């Protein structure tokens, strides 16, 4: 399941983040790649331990906590602190699958990566190339969203970033461990929750159909969630 979420950040917020990121020192992104991914990764990143990365990452986390579509789709248990990357001058990231387990920064605690997220911080017309291509059961989906919009996709997916031939593609990226590990179960819960949300304004709050559907959702979540 690949889900686009509009306006996680406002245009004003994007401009503020970009002003700070554009003035920052960028490092070779290959230094943070795994052994196999290192050979296909050509981009730049902000140092994860920098005050800037941590402060901007916290801002994104606050926005995610008030984004209902993200909560519904991801059912987040743990979110890896957001990172920032930049692709320019032919920068690209070849086909790879994200690591299944990651240590949270500054701790010995591991998290499982169920979902990967890219939050776009550059408008599509600012750069050529730079599409996020995600392989799924129905073929390859190319994603290039407006600044402030975000895409969620399974971390198990083979994916790549095509070469940027003009301008710069700037984004934040991170991973989510979900309360519901199984992708099929998580998709069913998301579809059911979205149906409930669409039905809610059309019927009375005590409508038996709405009450029953809501009960089904929570009982399935109770069965499948692993807090």
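Here the Cβ of each residue, glycine as well, is placed from N, Cα and C on the backbone.
Just one of 59, 159 is listed by Swiss-Prot for the same Fe cation site as 96, 98, and that one is 159. By a simple count of nearby Cβ atoms, those within 10 Å, the most crowded of the binding-site residues 96, 159 is 159. Counting residues of the domain 'Fe2OG dioxygenase' (78-178) by DSSP class, helix then strand then coil, yields 3 helix, 59 strand, 39 coil.
Apart from 96, 98, 159, the residues listed for Fe cation, the same chain places the Cβ atoms of 37, 93, 95, 97, 116, 155, 157, 158, 160 within 8 Å of the centroid of those Cβ atoms.
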